[in-house]
Amino acid sequence: MRRGERRAHGGNVGKAALEEQQPPPPAQPNGGAPGAERDGAGLRRSTESEVYDDGTNTFFWRAHTLTVLFILTCALGYVTLLEETPQDTAYNTKRGIVASILVFLCFGVTQAKDGPFSRPHPAYWRFWLCVSVVYELFLIFILFQTVQDGRQFMKYIDPHLGVPLPERDYGGNCLIYDPGNATDPFHNIWDKLDGFVPAHFFGWYLKTLMIRDWWMCMIISVMFEFLEYSLEHQLPNFSECWWDHWIMDVILCNGLGIYCGMKTLSWLSLKTYKWQGLWNIPTYKGKMKRIVFQFTPYSWVKFEWKPASSLRRWLAVCGIIFVFLLAELNTFYLKFVLWMPPEHYLVLLRLVFFVNVGGVAMREIYDFMDDPKFHKKLGQQAWLVAAITATEFLIVVKYDPYTLTLSLPFYITQCWILGIILVLTWTAWRFFIRCLKCNAVWRGQQWLLLQDWLLCSGRGGKSQDPSQKHKVPVNQCQQQW
């Protein structure tokens, strides 16, 4: 059964907040292979894979709204009737806040609108949508505190926070081979091989799965290294050796992660998306394979950003790159202004959060940009990610304006001004000057076609020999026109 035929077979639509959220097109002569254009109803894009689903609706896919409400009410009733309330105000405040967040998450997981993804389960993505709301509210609360109160508030989360970070030397000796160290002349390289190396690799592997474009990933990777060069006078941990920037980061960690990500994208684009209910599969091997594939996408859409095709898409791609870079910078600046060490679990949790919400946000942005007639507004997760990134930046601005206002070195300023001028010049040429020339050529071609049509139809104004008036067949002239 193809996707969307569940309704005719009594399937529950709630099983699949399907990854595409559109009904499927009629069966294609070639079996519905990717490449079919949208039909008149706007059903499937040319880059969207065909999906076959037998429509099985099991207990796993049901909403369970009443079950969750019953369990939640029983838990609150136990706390109210059977548990003695401690006389610790701070403890009760913390527990009350946590309980409020849990109730909101339960409501959101069962009642929030589904997003574009449905694997491993729509409730999983609804959970992260609600976590996004909670995180944004937390950031707004921190934004409205004084600098001292905001930093000391972090002690309520972890008593070890709220103290200034010690000074660290990040640059140091940049010799790849240190002849002065007889025991280990390559000690500088081994010192850099810490836990952040696999973090860089897996981070860029997952970013590639989000963006689904090699060029955009490489541009963001290289531009962030330039940002580290430019801002190392503000944050000490941006000061790295040249080979750490370009060899370990761009080529090895980032480059290898992007390469593996592109290979995974290639496999996902060629994969056959045919789904069966677990109990409809006869063999144990098939059942295990089905369980593993539950953690892969329900269907696949290849992203074709085409930034040079129109001014709207060009500005959208530039905006995506800007927000990506700003979110990356916020990681370092938030640690600095809120006094969180790089290895703290809150830093890791923030990265896990962005990994889960980033993929949904990118899909919603692509749908909004690629098909504005069908997707008339920006998706909810993309809206929240943009709001979170902006709020984080505002916290950095408020908590340490002095660091942010440290002037750039003169040669750095010159390089950025030159880069901005080049981008603006190319934009003006590609979308304005070149378009004027194209429009002039197009108008000339239309005028020539009009003259040909008038000549073929005998309306050219000049007296012609009737035997020669239709020398060119009229149907051929109509095709040219």
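In case you wondered, yes, glycine gets a Cβ from its N, Cα and C as well.
According to TrEMBL, the compositional bias 'Basic and acidic residues' annotation covers 36-47. What TrEMBL lists as region 'Disordered' is 1-47. The transmembrane segment feature in TrEMBL is assigned to 59-81, 93-112, 124-144, 214-231, 243-262, 314-333, 345-362, 382-399, 411-433.
Of the candidate ranges 59-81, 124-144, 314-333, 345-362, 124-144 contributes the most Cβ pairs within a distance under 8 Å of the transmembrane segment (93-112). Highest Cβ pair count under 8 Å relative to the transmembrane segment (411-433), across stretches 59-81, 124-144, 314-333, 345-362: 314-333. Outside the transmembrane segment (314-333), and at least 6 residues removed from its termini, the chain residues within Cβ reach (under 8 Å) are 207, 211, 216, 219-220, 223-224, 227, 231, 235, 237-238, 305, 307-308, 347, 350-351, 354, 362, 365, 369, 385-386, 389, 392-393, 396, 400, 403-404, 427, 430-431.
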